[in-house]
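K.L.:
This is the structure, below, for whatever I ask next.
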Amino acid sequence: MVEMGSEREKDLENNGGLTATDSIESRWVFQDVYDSDMDSGDHGTDDGSTPRNDLELDSDDDDDNAMRKLIRTGPRIDSFDALEVPGAQRNDFDDVSAGRKILLAFQTLGVVFGDVGTSPLYTFSVMFSKAPVNGNEDVLGALSLVLYTLILISLVKYVLIVLWANDDGEGGTFALYSLLCRHAKVNLLPNQLASDARVSGFRLKVPSPELERSLKIKERLEASLTLKKLLLMLVLAGTAMVIADGVVTPAMSVMSAVGGLRVGVSGVKQDQVVMISVAFLVILFSVQKYGTSKMGHFVGPALFIWFCSLGGIGVYNLIKYDSSVWRAFNPVHIYYYFKRNSTKVWYSLGGCILCATGSEAMFADLCYFSVRSVQLTFVFLVLPCLLLGYLGQAAYLMENHADTTQAFFSSVPSGVFWPIFLIANVAALIASRAMTTATFSCIKQSTALGCFPRLKIIHTSRKFMGQIYIPVMNWFLLALSLVMVCSISSIYEIGNAYGIAELGVMMMTTILVTIVMLLIWQINIIIVLSFVVIFLGLELIFFSSVLWSVGDGSWIILVFAVVLFFIMYIWNYGSKLKYETEVKQKMSMDLLRELGPNLGTIRAPGIGLLYNELAKGIPAIFGHFLTTLPAVHSMIIFVCIKYIPVPVVPQNERFLFRRVCPRGYHIFRCIARYGYKDVRKENQQAFEQLLIESLEKFIRRDAQERSLESDGNDESDSEEEHAFSRVLIAPNGSVYSLGVPLLSDFKDTGKAVVEESISEELKAGPSLESLLTDAEQSFEKELSFLRKAKESGVVYLLGHGNIRAKKSSWFIKKLFINYFYAFLRKNCRREIANLSVPHSHLMQVGMTYMV
């Protein structure tokens with residue numbers, strides 16, 4: 001028994017400070033008597049040496065002479081949360097009724113499938129502009145290419161596979177990146193805490209037979225800085241392509257729909273089509289602010305009519321013209337098509353991929369709806385109507401080879417041309433919103449994960465927090481779409497740019513989902529290899545085709561994507577450099593010890609909330625406040641707004657409080673944790689009230705823990721008794737003093753063994769009642785101090801830390817940091833802006849770091 005206890009002590013001494021056994025409901029931990037309840041990893045010295053606990057300031061004892069205590073804790077004693085809010089935030093779609101699911105499936109038509117639904121307007125026209133029809137076999141070959149591209153990429157890849165790689169209902173490239181960051185330490189920003197993994201959103205996969213391979217991949221990713229940077233660049237490239245897609249989608253959809261006028265009215269010219277398209281685009285982006293939910297009730301029925309029209313026209317053309325086009329489901333026609341016109345067909349692949357445009361929107365817009373609603377809608381309505389629409393166009397073209405320039409509108413029966421033209425334009429406007437909403441989602445995700453400058457985000461739905469509107473990006477996308485429509489008036493050239501944007505994000509998604517399969521899903525390697533070879537191989541073939549025609553004007557979209565990539569990379573690089581510099585220059589605990597509880601200045605009544613980005617240590621900006629201001633507040637709280645790689649942090653797990661200095665200093669740290677999908681619309685008064693109540697809860701529990709831990713440690717004069725003195729605190733608050741042998745006895749025989757030893761072990765110490773009385777007095781005193789400070793007022797202390805490159809730095813670094821990053825930081829939205837704090841409650845100090 002004693003040997004087991006000694007071995008345990010050695011392990012604890014090797015690990016330092018605070019360790020725990022494997023337990024779910026409660027934990028046994030050893031702790032030095034002067035340790036606080038904080039994670040030891042939350043503090044460190046400036047020189048990078050072994051971290052020290054903040055409460056070691058008032059203890060000069062050596063580690064060898066320090067008395068250890070055995071404490072049994074709950075699942076998490078240093079996470080003093082905000083409020084026990086019932087019904088904590090979770091997936092929006094977990095508890096919806098069957099009728100609500102049907103309504104959600106109906107709304108997905110307008111929000112998710114608008115883009116892929118309008119692809120019949122232009123797919124065949126763009127294809128045959130590069131590979132003219134020379135016979136019916138060419139029509140069959142092109143149709144076969146379109147059918148299998150739609151089935152393989154849209155149905156198999158996205159609907160059946162990629163949608164399941166969502167991050168708790170959130171889709172898109174950054175959702176995949178967040179998923180990877182949660183399972184492996186691949187985030188370049190070094191602000192991770194061990195407590196992050198205790199948030200309920202961290203639902204990691206149970207080990208499987210493929211675990212060994214997964215662990216090797218995890219270790220390789222975490223150990224290689226190059227792989228981390230490469231992974232980040234893949235994610236940024238994919239996000240840049242999504243935003244570029246949000247520019248080209250409105251231009252392509254609206255131009256192709258309005259172009260139908262040239263079929264119905266022979267006198268209409270291309271310039272008039274462009275002017276009408278510009279007017280439609282302005283209207284489209286102007287109504288974007290009314291929200292996805294409100295617009296979804298309108299566009300859902302409109303898209304339902306559109307898909308039914310597609311299917312109806314397809315059936316009509318199949319019956320009237322040539323029903324033999326069903327033969328296109330035989331893939332041998334693809335082989336014959338390439339055999340007859342290999343080079344031209346290869347050029348036309350850039351048009352063929354347009355049939356799958358909008359597939360990425362299904363994934364990126366997933367945060368608006370559930371996976372099942374998207375899958376049901378696509379399989380039972382969208383896909384059949386699209387297949388019938390393409391079959392009907394091909395049946396018409398079998399007898400009208402010359403009408404390939406406007407294949408869709410030419411195949412519409414003359415009696416219903418104008419109603420179909422009207423609904424086609426409505427569908428095109430709705431389709432333009434599909435990638436716009438996807439763009440908003442990606443930008444919000446990337447902002448939360450530190451890869452995009454902060455922008456104003458408006459939440460358009462009270463029920464579903466994922467439905468957002470970003471005004472700046474809305475008008476930015478409008479301006480660029482207008483530039484594209486006016487400068488590139490041909491839908492063939494716009495179609496090539498469309499293909500570049502779509503294929504770029506498709507390839508990034510394929511690579512990221514492959515990593516998810518290996519690291520997280522842990523499925524058979526044969527399945528993983530089949531996925532990456534088939535789909536990445538197909539996308540590379542398509543991408544080679546669109547790149548060959550990049551000189552016809554579609555290079556504009558590539559330039560735009562590159563600019564976006566550099567904006568995101570520079571922001572991430574600057575933010576990482578700034579955080580690392582603040583960590584290196586944080587204040588020393590020894591300095592605070594020398595200053596004393598008054599911090600070398602006057603402590604005026606009140607609470608000061610010092611906002612900073614550090615999750616560990618004391619920010620250097622605090623020292624700047626001490627030297628700049630004539631007085632500081634009697635209570636200081638370092639508030640860190642921290643995003644962790646989960647979609648949602650429940651409200652009752654929002655705040656993490658810790659005591660930074662000994663009690664007399666009245667300095668605390670509050671880490672406000674958010675997921676990248678969380679709504680940040682707190683009212684200033686509500687935020688203050690929530691924070692104060694959380695701090696009261698922390699002080700109460702902290703007082704209880706301290707009172708129960710103090711068990712007359714100074715009573716024994718024997719060095720041997722010091723070495724073996726232990727205190728046990730049970731989860732119900734009972735206090736016991738134990739010897740080492742009783743540790744293993746407790747594990748073997750349970751609680752009864754401990755109860756038998758109470759009377760003898762507590763004889764030497766003060767009574768429990770006196771300890772609790774002292775604790776109550778100490779608690780009431782500190783609580784009274786907190787309330788008086790609150791009555792005096794709360795002031796928000798904002799430290800604006802700027803960085804500049806040193807004179808000895810490389811020219812590129814100076815350019816990035818001193819100009820590009822400085823410009824982005826100057827014009828981005830401040831974190832405090834979400835609270836709408838009055839100017840009378842604000843106090844700001846600037847500080848510049850040389851990096």
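Here the Cβ of each residue, glycine as well, is placed from N, Cα and C on the backbone.
What TrEMBL records for 104-590 is domain 'K+ potassium transporter integral membrane'. The annotation domain 'K+ potassium transporter C-terminal' is assigned in TrEMBL to 605-849. For 35-65, the entry in TrEMBL reads region 'Disordered'. The transmembrane segment annotation in TrEMBL covers 102-122, 142-165, 230-252, 272-291, 298-319, 345-364, 376-396, 416-435, 472-492, 498-520, 527-548, 554-571.
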K.L.:
Does the transmembrane segment (472-492) make contact with the transmembrane segment (345-364) through 3 or more Cβ pairs under 8 Å, each pair 6 or more apart in sequence?
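P.N.:
Judged by the Cβ rule, the two regions do not touch, with the required three close pairs absent.
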K.L.:
May I ask whether the transmembrane segment (345-364) has at least three C-beta pairs under 8 Å with the transmembrane segment (498-520), counting pairs 6 or more apart in sequence?
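P.N.:
Yes, the transmembrane segment (498-520) and the transmembrane segment (345-364) are in contact.
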K.L.:
Short question: most Cβ pairs under 8 Å with the transmembrane segment (230-252), which of 142-165, 272-291, 298-319, 416-435, 527-548?
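P.N.:
Stretch with maximum Cβ contacts: 416-435.
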K.L.:
On average, what pLDDT score does this prediction assign to the domain 'K+ potassium transporter C-terminal' (605-849)?
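P.N.:
So the average pLDDT across the domain 'K+ potassium transporter C-terminal' (605-849) works out to 70.
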